[in-house]
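Novice: According to Swiss-Prot, the record shows the following:
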TRANSMEM  27-47  transmembrane segment
TRANSMEM  72-92  transmembrane segment
TRANSMEM  94-114  transmembrane segment
TRANSMEM  132-152  transmembrane segment
TRANSMEM  168-188  transmembrane segment
TRANSMEM  199-219  transmembrane segment
TRANSMEM  236-256  transmembrane segment
TRANSMEM  263-283  transmembrane segment
TRANSMEM  288-308  transmembrane segment
TRANSMEM  338-358  transmembrane segment
Amino acid sequence: MLVWLAEYLVKFYSGFNVFSYLTFRAIVSLLTALFISLWMGPHLIAWLQKLQIGQVVRNDGPESHFSKRGTPTMGGLMILFSITISVLMWAYPSNPYVWCVLFILIGYGIVGFIDDYRKVVRKNTKGLIARWKYFWQSIIALAAAFTMYSIGKDTSATELVVPFFKDIMPQLGLLYVLLAYFVIVGTSNAVNLTDGLDGLAIMPTVFVAAGFALVAWATGNVNFAAYLHIPYLRHAGELVIVCTAIVGAGLGFLWFNTYPAQVFMGDVGSLALGGALGTIAVLLRQEFLLVIMGGVFVVETLSVILQVGSFKLRGQRIFRMAPIHHHYELKGWPEPRVIVRFWIISLMLVLIGLATLKVR
């Protein structure tokens, strides 16, 4: 909203014109979200401790996790607040893509908050019943998917971008809604599954968001979009502001979530961040790129699916424990080693994903 104010003030002082530059707004969006997180963190942690809102730890998990019992959770509130304020300050409020992401971010944040509340306040270890969680995730995702389809149904915004093939961009039509639904819900739950160690989920989220910031900038630039053979989408540029806000809020949260964590994000953070990343990927027409850049989330999810499937079909487990990060813990890897190695893999996958944009 400050952009509109700056457009008015530029009549009195030309220096306010700097607010019209996307790169400037992207930087201040990141810094705004970062500083809000850093400021809010100690206050939120103290408040959560006062209310005794602490993490519930599984009895069948690694023994090293027992010391985490009681650590404040629902820290994702600071992430959501930081992102929302930063985006509202620095993005153009008239941009429909921005509102689609905020709708998912806040909607999934509410679902996650209810789940966390039932777990840590009501002492219900199951939290929100799975079918109700999935129901509300589905309703919110479908509402966003139909909205996004109505915005771009007559443009290249509903084409499917296939990696490595510059001339293959099939028009999805209404299948766009179905794809958007699965990507948003799937990514939300994938990030949620990954959030099992201190800082494990937030840093890959930051890497992927940073990667999508570059993609959004290119997609919203007619010349770079043509150069990379990706669809030019005139609303996409403002998603840079959203992505950099996620990066800033994520780094601010990591300040308190790094090993040993002072606070956990909880479902209020992981479901919302995953949903936001999925929505950004759909809006940019880069669902396949999300699979590559978010490979850590994909592998974590597949490990759970394979573990459950193998146990039901063969009565045997593939991993010592799923998601797969617990498998490595039980093999004797110290928690920081698991975390940092997953970070390195995530960074490599983001770079590989960005490289595929040119390898066509």
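Every residue gets a Cβ built from N, Cα and C, even glycine.
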Novice: Would the transmembrane segment (288-308) count as touching the transmembrane segment (236-256), if touching means at least three Cβ pairs under 8 Å and pairs must be 6 or more apart in sequence?
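Specialist: Answer no: the transmembrane segment (288-308) and the transmembrane segment (236-256) share fewer than 3 Cβ pairs below 8 Å.
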Novice: So, taking each listed stretch (27-47, 72-92, 94-114, 168-188, 338-358) in turn and counting its Cβ pairs to the transmembrane segment (236-256) that are under 8 angstroms, which one gives the highest count?
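Specialist: Comparing 27-47, 72-92, 94-114, 168-188, 338-358: 27-47 has the most Cβ pairs near the transmembrane segment (236-256).
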Novice: Among the recorded stretches 27-47, 72-92, 132-152, which has the greatest number of Cβ pairs closer than 8 Å to the transmembrane segment (263-283)?
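Specialist: Looking at each of 27-47, 72-92, 132-152 in turn, the most contacts to the transmembrane segment (263-283) are made by 72-92.
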Novice: Of the listed stretches (27-47, 132-152, 168-188, 199-219, 338-358), which one yields the highest count of Cβ-Cβ distances below 8 Å with the transmembrane segment (94-114)?
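Specialist: Ranking 27-47, 132-152, 168-188, 199-219, 338-358 by Cβ pairs under 8 Å to the transmembrane segment (94-114) puts 132-152 first.
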Novice: Determine whether the transmembrane segment (132-152) and the transmembrane segment (72-92) share at least three Cβ pairs under 8 Å, counting only pairs 6 or more apart in sequence.
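Specialist: Per Cβ check, the transmembrane segment (132-152) does not touch the transmembrane segment (72-92).
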Novice: Which sequence-distant residues neighbour the transmembrane segment (338-358)? Criterion: at least 6 residues beyond either end, Cβ under 8 Å.
Specialist: 163-164, 197-200, 203-204, 207-208, 210-211, 214-215, 218, 228, 230, 259, 289, 292-296, 325, 328-329
